[in-house]
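Per TrEMBL, the feature active site, nucleophile maps to Asp131. Positions annotated as active site, proton donor by TrEMBL: Asp133. TrEMBL lists Asp131, Asp133, Asp359 with the feature Mg(2+) binding site. According to TrEMBL, the compositional bias 'Polar residues' annotation covers 1-17, 27-36, 60-73. Residues annotated as compositional bias 'Low complexity' in TrEMBL: 37-59. If you look up TrEMBL, you'll see 91-106 marked as compositional bias 'Basic and acidic residues'. The region 'Disordered' feature in TrEMBL is assigned to 1-123.
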Amino acid sequence: NNSLTNSAGFNSAQQEYPSYPGFGQGQYAQYYNSSPYTSPYMTSNNTSPSTPSTTTTYTLQEPPTGITSQALTDNPAGEYSTIHSPSTPIKDSDSDRLRRASDGKSRGRGRRNNNPSPPPDSDLERVFIWDLDETIIVFHSLLTGSYANRYGRDPPTSVSLGLRMEEMIFNLADTHLFFNDLEECDQVHIDDVSSDDNGQDLSTYNFSADGFHAAATSANLCLATGVRGGVDWMRKLAFRYRRVKEIYTTYKNNVGGLLGPAKREAWLQLRAEIEALTDSWLTLALKALTLIHSRSNCVNILVTTTQLIPALAKVLLYGLGVVFPIENIYSATKIGKESCFERVIQRFGRKVVYIVVGDGVEEEQGSKKHNMPFWRISSHSDLMALHHALNLEYL
């Protein structure tokens with residue numbers, strides 16, 4: 001029943017699964033379509049569930065009180081993943097800076113499967129593939145003011161918050177994650193160039209003096225034509241991605257420690273302000289993400305159109321590092337989301353069930369092609385409904 005091979009195609013009209021008797025009539029109708037999808041979520045003891053007499057209506061709740069003070073007084077040890085603040089860093093399609101590396105700079109010489117990350121657990125049953133912007137975090141619509149217009153907020157305030165977060169994202173990416181060096185050498189996955197790494201100790205390595213950036217600039221080594229450097233240059237590239245991986249893993253629970261005291265306070269304040277403006281959007285998303293993460297048979301995967309390095313900066317700054325280990329993050333800038341989905345399927349196999357959570361056409365089309373259920377996020381109530389379905393173990 002967990003095989004996806006017999007799943008029928010998805011259509012644009014979203015209706016509930018006929019095979020989901022556990023759902024209240026119409027309760028989750030908008031998230032499922034009418035195809036005869038063999039439900040992998042049914043268990044033997046769910047043979048005769050009763051239909052609730054009333055349909056639950058999700059209404060937007062008031063944001064939790066004390067968000068700002070809670071965030072600003074958070075434990076310095078860094079439980080930042082629980083800070084309530086949703087902001088969505090830039091979508092590449094709307095950012096000139098992210099667009100610059102949009103087309104396949106560094107092709108990986110055909111080595112698409114060199115993921116030294118641990119193999120999936122044998123008891124893994126479900127893989128949730130998440131979009132980032134406007135699904136988990138609200139960022140692009142902050143910059144454009146569209147969120148403010150939709151929910152009756154002040155557009156200038158919204159744009160200001162978005163610009164401040166954008167600056168913080170790129171500052172973190174440039175200062176700590178080598179974005180100046182790696183912007184034109186973008187990768188889909190953190191381990192894509194790991195086969196060029198000789199394992200050298202980097203504790204005393206001088207990245208600023210190894211000649212990597214000058215060589216890359218003068219020789220145009222990361223062009224879309226696939227022209228690449230020699231063994232020595234590729235090793236230096238791999239060193240940078242290894243260090244990025246180390247920094248992410250070390251500080252994913254303590255982003256404030258990475259930023260330093262002054263920037264930490266500014267970061268917490270900004271997140272609290274964004275969370276208040278967006279009615280606790282990130283808090284709602286984190287509830288669902290955390291519930292999935294707590295299950296031994298489920299895993300969260302992130303597939304975003306943002307370049308990999310800025311995407312990692314976004315994930316850190318929004319406190320999502322706990323629910324997204326770095327090996328579970330994929331950038332679709334070069335290859336598109338559908339190809340990223342194929343890589344995820346190749347990694348975890350076809351015996352598990354994949355569920356795509358997103359707001360855009362690209363992830364919906366990708367899920368349709370691979371016969372994956374698609375859960376659309378377009379409002380707070382969609383996030384609430386998702387958490388509710390997870391909490392009742394419908395998903």
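Backbone N, Cα and C define each Cβ position, glycine as well.
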As a test of the contact definition, list every same-chain residue at least 6 positions from Asp359 (Mg(2+) binding site) whose Cβ is closer than 8 Å to its Cβ.
Asp131, Glu134, Thr135, Arg376, Ile377, Ser378
Just how many other Cβ atoms lie inside 10 Å of the Cβ on the residue listed as 'active site, nucleophile'?
25
